[in-house]
Amino acid sequence: MSSSIVFQVIALLALCHVTLQSTSEESTFIIHMAKSEMPDSFDDHTHWYSSSLKSVSESAEMLYVYNNAVHGYAARLTKKEAESIQKQRGILSVMPEMKYELHTTRTPLFLGLDRSADFFPESNAMGDVIVGVLDTGVWPESKSFDDSGFGPIPASWKGECESGTNFSSKNCNRKLIGARYFAKGYESTMGLIDETKESKSPRDDDGHGTHTSTTAAGSVVQGASLFGFASGSARGMATHARVAVYKVCWIGGCFSSDILAALDKAIDDNVNVLSLSLGGGNSDYYRDSVAIGAFAAMEKGILVSCSAGNSGPSPYSLSNVAPWITTVGAGTLDRDFPAYLSLGNGKNFSGVSLYEGAMSLSKMLPFVYAGNASNSTNGNLCMMGTLIPEQVKGKIVLCDRGLNPRVQKGSVVKAAGGAGMVLANTAANGDELVADAHLLPATTVGQTTGEAIKKYLTSDPNPIATILFEGTKVGIKPSPVVAAFSSRGPNSITQEILKPDIIAPGVNIIAGWTGAIGPTGLAEDNRRVGFNIISGTSMSCPHVSGLAALLKGAHPDWSPAAIRSALMTTAYTVYKNGGALQDVATGKPSTPFDHGAGHVDPVAALNPGLVYDLKADDYLNFLCALNYTSTQINSIARRPFSCDTSKKFSVTDLNYPSFAVVFSEQMIAGSGSGSSSIKHIRTVTNVGPAGLYKVNVISPSNLVKVTVEPETLAFTRTNEQKSYTVTFTAPSMPSTKNVNGRIEWSDGKHVVSSPVAISWT
């Protein structure tokens, strides 16, 4: 099959972007309707939708009718027809189709779940929790979907197991309880699916969807590994939860009309958690289909977890930043797969590899830089057809990272007769190391190491080298560190909402895989594996989705906001030795714009003490503070909502578990005193025993005065609520534009911690 989507996910870490689709005169549009404005002449909203469409086009057909995620439908229209329908009564907006991209075992042990299983509910409670995953589908034969020991499917479940190419309803069981696929939007833009290349069904021919769903809620599988690497018991975060998959991503991408249709069905199916390891650019909330669908899910009590994106370490690189979405960045594990490069001058350099083969090359071999063995201007990148076979045959070849997939570079070297490869990071990736299951002996080294190796290649008249593979190493320190590829804040839509919310393991993660392709996704890779090791915020997102399912099983009455709050306020930002969480991109301590509230700690999240809760109307008031129009709010809320003109709305009043404080030069200058104050109001709900909580402010800087009132909160019962106000006063415009701190409440047993990120613009 074509492996372009696999290349994007595995090799390029699926840098996300949005593309408007306009391959013909007609394009797909999503028409948002104000259901409350349906004329009395219609007794059913679908008849009204159909009438509105027929009024501009007799031939146009609806692709989808939406009932839950939004009110409205998707249809193919010309630009003129779309403009015409926009003028009709009851039309909130006519949005063009958007294309989203995927953001592409040790973790339970690393997260402390192995020693804390007794704290979490077992199959009786967890068996009622359903995790829905929107992705590339599922490989149902994976051992991670074994339903041994599972009881009957929950009575709340309303979903289906759809049949299609290479997939039948019999492929589902008591673990994998639902599987659907959505392709109408994709096919209307890209043409009919080529069923010789991918299955028009829930079956996963790509691997990404199986990997994410088994990470979130895969059953325990003994003796799992990838070619002997990372061997042990593989398990998802919520092993007793049920899984429902919604295939929305195909070789050519993931389209918003299909994503909305899947969200619409998932809400109706009664899932409890939704996991979306995909994203696309930065749009206002009322223009972002994922954000709109996620709002409807949240209102139904469904927590929505999304990947932050893989466009780091650039600032403002986040996607999925709506405050009702839990946005997840990526960190490393304490596990590595070292493969050392030994040079002829006696020096050794460390790298990483998942190459299956001999533990080392048998001898020193000639070593050459790809840029010197090519007639192409970009020969250093080992693009297809750029290497001169006579100059690389029998040699180890140094290739620079960039443009084409990492694993494909090795395939190019192998095809040209090369004996091995060293893949060197460039400035774009720095010293971050991501392991790959190469097709020939190969290791990946960081930028600094790569530069040192190149000096050897240019200074020695007869350079030689060999590669030594060390297998799997654990206990790597420091860990975790923030992955360089993990997208960063500030939030480009609303700077006052700190994103990402949290980080979780996302580098070199082992989980279930498809039987349709090899671990590299290359057409020439004939190997088949039950488990694969890949990296991306695609991998960190389902960790949090699964952990949210655990918390939902333990606390069925908690809202999505309460579950997210528990995960955020118990996250950690320091190692056990007291050192600050590191950012691999800089080699320095990470900031809240990198790690959000910190690295997830699921055991602590089970008993957070206090939570910051939110309801749908709280988010709608937040939209009022953004000066959204009634029409824009209705597109998200799916009902009429008018901002109370007698109230003063502020984004700083949203009851979020973090603080993003934004001072502007004009604000300070306009104060007249040379300083300015910003107030944030928060309300906490006691989910533990009675207690007295005292505040501790870890000051972000002596440039900013932070005052919390009151300084103590006394709770006499569970579910009691107390409010407090934080005042941030900045006396001047400092030379630095960002400072960070924390606000912590503690009763001596619990520490409820919120990150503080202060910016000057």
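Backbone N, Cα and C atoms are what each Cβ position is placed from, and that goes for glycine too.
Annotated features, as they stand in TrEMBL:
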- 1-21: signal peptide (SIGNAL)
- 28-103: domain 'Inhibitor I9' (DOMAIN)
- 128-582: domain 'Peptidase S8/S53' (DOMAIN)
- D135: active site, charge relay system (ACT_SITE)
- H208: active site, charge relay system (ACT_SITE)
- 380-453: domain 'PA' (DOMAIN)
- S538: active site, charge relay system (ACT_SITE)
- 653-758: domain 'Subtilisin-like protease fibronectin type-III' (DOMAIN)
Checklist line | Count of other CB atoms lying within 10 Å of the CB belonging to H208 (active site, charge relay system) | finding: 31
Notebook entry, point to check: By a simple count, how many Cβ atoms lie within 10 Å of the Cβ of S538 (active site, charge relay system), its own Cβ left out?
Noted result: 33
Check: For the domain 'Subtilisin-like protease fibronectin type-III' (653-758), DSSP counts of helix, strand and coil?
Finding: 7 helix, 60 strand, 39 coil
Next item on the list: Just give the helix, strand and coil counts over the domain 'Inhibitor I9' (28-103), going by DSSP.
Entry: 21 helix, 29 strand, 26 coil
Check: the domain 'PA' (380-453): mean pLDDT?
Finding: 91
